[in-house]
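Student: Once you've had a glance at the structure underneath, I'll fire off some questions.
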Protein chains: 2
Amino acid sequence: MKRESNSKLKIIPLGGLEQIGMNITAFEYEDSIIVVDCGLAFPEDDMLGIDLVIPDITYLKDNIQKVKGFVITHGHEDHIGALSYVLKEMNLPIYATKLTMGIIENKLKEHNLLRCTRRKVVRHGQSINLGQFRIEFIKTNHSIADASALAIYSPAGIVVHTGDFKVDYTPVFGDAIDLQRFAEIGKKGVLALMSDSTNAERPGFTMSERTVGKTFDQIFAEHRNTRIIIATFASNVDRVQQIINSAYKYDRKVVVEGRSMVNIISTASELGYLNVPDKTLIEIDQLKNYPDEKTVLITTGSQGESMAALSRMAADIHKKVSIKPGDTVIFSSNPIPGNEKAVSRVINELSQKGADVIFQDAHVSGHACQEELKLIYSLVKPKYAIPVHGEYRHLKANAGIATALGIPKENVFILKSGEVLALDNQSAKVVDKVQTGAILVDGLGVGDVGNIVLRDRQHLAEDGILIVVLTLEKGTNQLLAGPDIVSRGFVYVRESEGLMEEARQVLSDALENCLRNNRNADWSRIKLVIRDTMNDFIWKRTKRRPMILPIIMDV
Amino acid sequence: MKRESNSKLKIIPLGGLEQIGMNITAFEYEDSIIVVDCGLAFPEDDMLGIDLVIPDITYLKDNIQKVKGFVITHGHEDHIGALSYVLKEMNLPIYATKLTMGIIENKLKEHNLLRCTRRKVVRHGQSINLGQFRIEFIKTNHSIADASALAIYSPAGIVVHTGDFKVDYTPVFGDAIDLQRFAEIGKKGVLALMSDSTNAERPGFTMSERTVGKTFDQIFAEHRNTRIIIATFASNVDRVQQIINSAYKYDRKVVVEGRSMVNIISTASELGYLNVPDKTLIEIDQLKNYPDEKTVLITTGSQGESMAALSRMAADIHKKVSIKPGDTVIFSSNPIPGNEKAVSRVINELSQKGADVIFQDAHVSGHACQEELKLIYSLVKPKYAIPVHGEYRHLKANAGIATALGIPKENVFILKSGEVLALDNQSAKVVDKVQTGAILVDGLGVGDVGNIVLRDRQHLAEDGILIVVLTLEKGTNQLLAGPDIVSRGFVYVRESEGLMEEARQVLSDALENCLRNNRNADWSRIKLVIRDTMNDFIWKRTKRRPMILPIIMDV
């Protein structure tokens with residue numbers, strides 16, 4: 001490492017703060033920038049028609065000569081999902097652990113980026129050098145295998161970034177979180193700790209993933225005579241492992257259903273993260289060769305996503321599986337905030353078909369609760385605390401833990417995306433703000449849907465549209481045809497013929513008036529008359545405000 | 001009462017099953033029909049732009065000569081909210097307890113229906129005779145005062161309908177639920193029990209409303225130096241009473257904010273359901289005369305509703321109250337399923353302004369949990385069980401309780417709205433299905449928005465609209481003007497000029513081709529060409545499917 005310098009380390013979150021999702025943070029020291037994670041966010045309710053959201057990386061593009069690469073903590077969409085989009089704009093190497101890289105590679109393949117992207121698999125305990133940074137990968141536990149915390153060594157000091165983590169003393173696969181290493185680095189003196197705030201409002205400890213296995217065993221023991229269907233997150237390989245274990249113990253064959261589930265399980269198996277006993281997995285078409293009580297289906301759809309396998313089974317539109325009375329369906333998941341109603345809808349549909357639905361105790365979180373956060377703070381003993389990964393309420397709860405443990409309030413930073421925190425052993429302070437934002441992806445379009453389009457979609461969704469068309473004679477503004485009124489999403493026309501006819505009459509009168517008094521009225525004036533007249537009339541009669549769109553042609 | 005007859009009693013739920021909301025049930029015996037409750041439902045997520053939903057009462061209108069009146073269990077919107085709409089179609093008397101009637105009268109006033117509607121206030125313990133029915137009002141507890149269960153006496157037997165209820169041994173106002181009366185009627189022999197399924201999935205007992213008062217006292221004691229703002233349901237008069245009690249104890253003045261809150265509190269005070277010590281309530285404009293730590297605001301907005309008072313304070317657009325650092329904000333409520341994200345948004349905004357937000361332990365449910373349901377079943381000992389008030393999963397959980405308590409499976413009926421259950425002491429069976437449905441209310445329009453309009457709104461919301469206009473010469477189909485393409489909610493046009501110009505070109509070619517080869521092409525053929533051409537082109541280029549709307553004029 002270089003001698004101590006006078007420069008400061010800059011930490012620049014480009015997303016992931018004040019929201020769950022779109023995690024991406026730049027670390028800058030003089031001529032070197034590294035980027036930790038590159039995630040997507042799922043669209044908010046008011047982002048109508050949007051498929052996904054990726055971060056604005058203008059700051060990275062403006063400093064492209066400094067940027068050394070992407071360091072990825074784990075393979076969840078909110079940490080890797082924007083890579084395929086961002087790499088198209090700046091081709092940089094990716095550093096990640098084995099399973100994480102396997103999942104990334106699946107995505108790069110889909111986007112035709114695999115061959116042109118440099119990738120390096122890093123082991124836990126190993127370090128990589130990127131410019132003036134050294135980054136060490138530290139073993140943690142999370143709801144996906146192979147998650148890492150990062151110790152980021154810079155000439156200005158060490159930053160420990162937990163990634164998404166929990167403390168699992170008895171993980172299903174591999175080692176427990178490397179608490180000793182956190183302590184060792186803490187002993188050296190850590191400048192700042194950036195820790196996962198997702199569960200910072202929750203007291204206590206998150207239970208071990210292994211407890212879910214016990215629940216499965218119990219449910220399997222109690223339901224020996226029915227088919228069992230279990231919905232869970234595709235990426236939770238350890239969860240799938242435990243289902244396979246219970247199935248094997250109770251002599252059932254396992255079918256995996258749902259595209260993302262099949263993909264991740266095949267990647268995890270290839271890379272050795274999943275241990276499937278011989279002849280346990282069968283194809284969905286083989287189901288008919290086994291009695292129901294000898295089978296288990298593992299499926300996507302635990303969030304009530306309408307196109308996922310479980311939802312299709314519940315709605316009776318799945319091609320190969322129908323729900324039968326007596327089926328035992330387990331939700332091995334909690335609804336993510338915002339999905340509660342969708343999940344409930346699927347539970348209702350399943351119940352109605354006679355399935356026995358179990359949605360309690362078959363899930364644990366992948367994120368640290370308050371006592372785990374206290375443990376990490378106490379091992380790392382950072383000078384500064386920077387809560388990350390959460391909405392404001394979660395960041396604030398994490399900040400409260402930091403101060404309760406003795407970190408002075410002025411050393412705790414709840415940052416906003418884009419803020420540049422410059423820090424070293426003497427001081428830390430927000431010195432700048434860089435451009436950040438949410439780029440909306442809709443179909444093939446990246447960034448071509450903005451606020452105006454969203455506002456229009458909202459307006460159309462609320463009250464529909466009334467289109468007024470008319471044809472004028474060039475030069476004379478003589479009305480040759482129209483006004484015709486066409487509506488969509490406003491009222492059921494056949495039931496409202498009277499209203500529409502009356503609207504046309506009122507509009508004709510207003511137009512005639514406008515054109516007679518003002519033979520040279522320009523089109524913007526005519527359109528204004530149309531809008532005002534229609535808005536008034538429709539509001540008075542219906543108390544609704546559809547979009548009014550006048551279109552004028554001339555011949 | 002008349003001698004035992006051979007006719008059966010018919011129970012016909014016209015709403016409220018397989019959903020939370022829109023509770024309305026007809027009871028029919030020979031020439032008599034009574035209707036229990038007449039509630040609205042709030043729109044589902046896919047009912048874009050809809051304000052509220054009311055039941056289809058065709059069956060009642062078709063049998064209007066039999067219908068004796070509306071018997072109302074309590075004053076919540078999902079039990080009274082459709083009255084003002086339904087009464088416009090069939091003027092019938094209303095029977096309810098005092099506070100319930102007060103709340104109903106407020107609504108009738110708004111709809112100019114007060115003078116023309118007969119109303120009778122009924123006391124708990126009192127009975128009314130309606131045709132061949134006698135209906136007894138029985139005291140229960142719920143999250144609104146003056147709630148009633150009903151014992152419905154018919155020549156075919158007695159039906160007990162719990163209404164929405166919980167068992168509160170220590171209610172804040174008035175008496176505990178009249179368990180003795182349930183037992184006494186049970187002793188006589190009850191044909192059927194219709195009981196509240198809302199919390200039937202939850203084990204244990206719902207806590208007493210009074211426990212929330214203790215939590216308030218504790219919070220007030222711990223926050224002596226800050227302003228306190230409490231959001232709760234407007235109709236929970238007992239909750240408001242307890243806030244006032246704590247405020248009085250801790251020497252604070254109380255401001256009530258939010259239109260629905262002010263309305264209900266004034267009705268409850270007038271009718272004697274709220275006991276406010278002198279000089280405790282002040283107007284919002286007087287706030288400035290008191291130090292923050294001597295004030296409490298009770299406000300609407302506990303569900304994150306964007307226009308409610310608390311949300312406006314959080315967003316800094318409330319005219320009279322801004323959130324200050326140090327304010328203590330209490331959510332005395334749980335998010336209703338579907339509102340989780342909205343509530344979280346408000347919590348984030350409040351936290352960001354420096355408020356200390358408390359959202360745990362300051363609420364109890366108003367609905368019975370499993371042990372309370374078991375108690376009622378055990379007191380009433382009905383021959384038949386008919387779970388009501390809930391989605392399918394809740395009804396099923398309630399049915400499970402009934403069978404666990406020894407009611408034979410074939411005597412438990414999970415009905416669908418519209419099913420006609422005919423029953424007497426010998427048998428019970430679904431004998432018919434009558435018309436039911438959801439009538440959508442949008443602005444002034446009742447029922448003029450149906451599935452086609454909703455489907456269009458959904459389509460418009462997803463991908464927007466492309467309108468293609470052209471003018472043809474009458475007779476010759478010569479293209480005089482256009483095709484012009486206008487879009488809304490599709491792409492940001494300035495960034496997509498190229499795309500739109502290309503679309504116009506492709507379309508012009510297709511049209512020219514169509515018109516040249518087919519001079520007499522009728523408009524439906526031309527429109528088809530426009531739709532197909534545009535759909536193909538836009539999908540290929542953007543992977544989106546905006547609505548394509550061709551409009552042709554001729555001159």
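The chain as shown is numbered from 1 upward.
Just so you know, glycine gets a Cβ as well, placed from its N, Cα and C.
Source: prediction; values computed, not measured.
Here's the feature list from TrEMBL:
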- B:21-223: domain 'Metallo-beta-lactamase' (DOMAIN)
- B:G49, B:D51, B:D442: Ca(2+) binding site (BINDING)
- B:H74, B:H76, B:H142, B:H389: Zn(2+) 1 binding site (BINDING)
- B:D78, B:H79, B:D164: Zn(2+) 2 binding site (BINDING)
- B:D196: active site, proton donor (ACT_SITE)
- B:A234, B:S235, B:N236, B:H363, B:V364, B:S365, B:G366, B:H367: substrate binding site (BINDING)
- B:H367: active site, proton acceptor (ACT_SITE)
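Can you walk me through where each of these features ends up in the structure?
Tutor: B:G49 (Ca(2+) binding site) falls outside any helix or strand according to DSSP and counts as coil. The Cβ of B:G49 (Ca(2+) binding site) lies under 8 Å from the Cβ of B:D442, B:V449, B:R457, each of these being in the same chain and 6 or more residues away along the sequence.
Residue density at B:H74 (Zn(2+) 1 binding site): 27 other Cβ atoms are found within 10 A of its Cβ, drawing on all protein chains shown. In the three-state DSSP scheme, B:H74 (Zn(2+) 1 binding site) is classed as coil.
Long-range Cβ contacts of B:H79 (Zn(2+) 2 binding site) within its own chain (separation 6+, distance under 8 Å): B:N23, B:D37, B:C38, B:G39, B:I72, B:T73, B:G163, B:D164.
In sequence order, B:T162, B:G163, B:D164, B:F165, B:H367, B:A368, B:L373, B:V388, B:H389, B:G390 are the residues near B:D196 (active site, proton donor), counting only same-chain partners six or more apart with C-beta under 8 A.
Residue environment of B:S235 (substrate binding site) contains 25 other Cβ atoms, counted within 10 Å of its Cβ in all protein chains.
When Cβ atoms from all protein chains are considered, those within 10 Å of B:H367 (substrate binding site) total 22, not counting its own.
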Student: Taking Cα atoms as reference points, rank the binding-site residues B:D51, B:H363, B:S365, B:G366 by distance from B:H76 (Zn(2+) 1 binding site) and give the first.
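Tutor: The answer is B:G366.
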Student: Only counting partners 6 or more residues apart, tell me which same-chain residues put their Cβ under 8 Å from the Cβ of B:G366 (substrate binding site).
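Tutor: B:G366 (substrate binding site) has long-range Cβ partners B:N141, B:H142, B:S143, B:I144, B:D164, B:K166, B:T206, B:N236.
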Student: If you compare CA-to-CA distances from B:D51 (Ca(2+) binding site) to each of the binding-site residues B:D78, B:S235, B:V364, which comes out shortest?
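Tutor: Answer for the nearest of the binding-site residues: B:D78.
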Student: Hey, which of the binding-site residues B:D51, B:D164, B:D442 is the loneliest by Cβ count within 10 Å?
Tutor: B:D51
Student: Would you pick out, from the binding-site residues B:A234, B:V364, the residue whose Cβ has the largest number of other Cβ atoms within 10 Å?
Tutor: B:A234
Student: Need the DSSP three-state call for B:D442 (Ca(2+) binding site) to compare against my parser.
Tutor: strand
Student: Mean pLDDT across the domain 'Metallo-beta-lactamase' (B:21-223), rounded to an integer, is what?
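Tutor: Result for the domain 'Metallo-beta-lactamase' (B:21-223): average pLDDT 96.
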Student: Please list, in sequence order, every residue of the chain apart from B:D78, B:H79, B:D164 whose Cβ lies within 8 Å of the Cβ centroid of the Zn(2+) 2 site.
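Tutor: Neighbours found: B:G21, B:N23, B:D37, B:G39, B:T73, B:H74, B:H76, B:E77, B:I80, B:G163, B:H389.
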Student: So which of these binding-site residues, B:H74, B:D78, B:S235, B:D442, get their C-beta under 8 angstroms from chain A?
Tutor: B:D442
Student: Residues other than B:H74, B:H76, B:H142, B:H389 within 8 Å, Cβ to Cβ centroid, of the Zn(2+) 1 site?
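Tutor: Apart from the listed residues, the neighbours are B:T73, B:D78, B:H79, B:S143, B:I144, B:A147, B:G163, B:D164, B:F165, B:D196, B:G366.
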Student: Ten-angstrom check, please: count other Cβ atoms within 10 Å of the Cβ of B:N236 (substrate binding site), all chains counted.
Tutor: 26
Student: Which whole number of Å gives the largest C-alpha distance between any two of B:A234, B:S235, B:N236, B:H363, B:V364, B:S365, B:G366, B:H367, the residues noted as binding substrate?
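Tutor: The span, Cα to Cα at its widest, is 17 Å.
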